[in-house]
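Noted in TrEMBL for the protein shown:
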BINDING   126, 128, 192  Fe cation binding site
COMPBIAS  154-164  compositional bias 'Acidic residues'
REGION    149-171  region 'Disordered'
Ligand SMILES: [Fe+2]
């Protein structure tokens, strides 16, 4: 069973790094990984984008095409310089956990959202459901810790299963993301966990997922066991969703 890797069919707008379109059947994001990693720190933008609204407009324009260049998306997101006046209406915090706040649905091709991290808040280790994930820092610092996929990843976390069975996930990198930094990940690059390392300061990040997804896998860091997890929003377009829907939010999603 294939448990990870890029699924071209899952993407309504196919994203490609710099490569020939004729190589599309072989989209081998994996072979291009070094160039994605080199995006950190993000390159200087050719043309600045003034305001979050302009960024959303530009992303819509980019995703109208059938082929989307990953580096270009990263550069465009990097070229927007965070201004809290643009995004504070979307930034809704919770005391207990980080929140996901929908900004824009990208005509069904992507979801753009703002994640608000209180001090010490963090995610579980998770995958990205065969989607592309771009993440830009709007405020504060986040630590991104990447892990290799567990060997023979087939073990669903079953109720009553011995929690001690399995092996710890292997950490492969650890990066501090600072104001306006952009990072990119897809499932072929591994799993990750994101956390706010500050005990006193909040952090805010802007995430683009394409295609949008409603569930992903989360992993037990000690055992490598995976389980499925629904992902929901704390607010949509600046308005909190109703309490019942919020309470259905799984405490540790992506
Ligand atoms: Fe993630």
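Each Cβ is built from the backbone N, Cα and C atoms, and glycine gets one as well.
It is 128, among the binding-site residues 128, 192, whose Cβ has the fewest other Cβ atoms within 10 Å in the structure shown.
Just so you know, the Cβ of residue 126 (Fe cation binding site) picks up 22 other Cβ atoms within 10 Å once every protein chain is counted.
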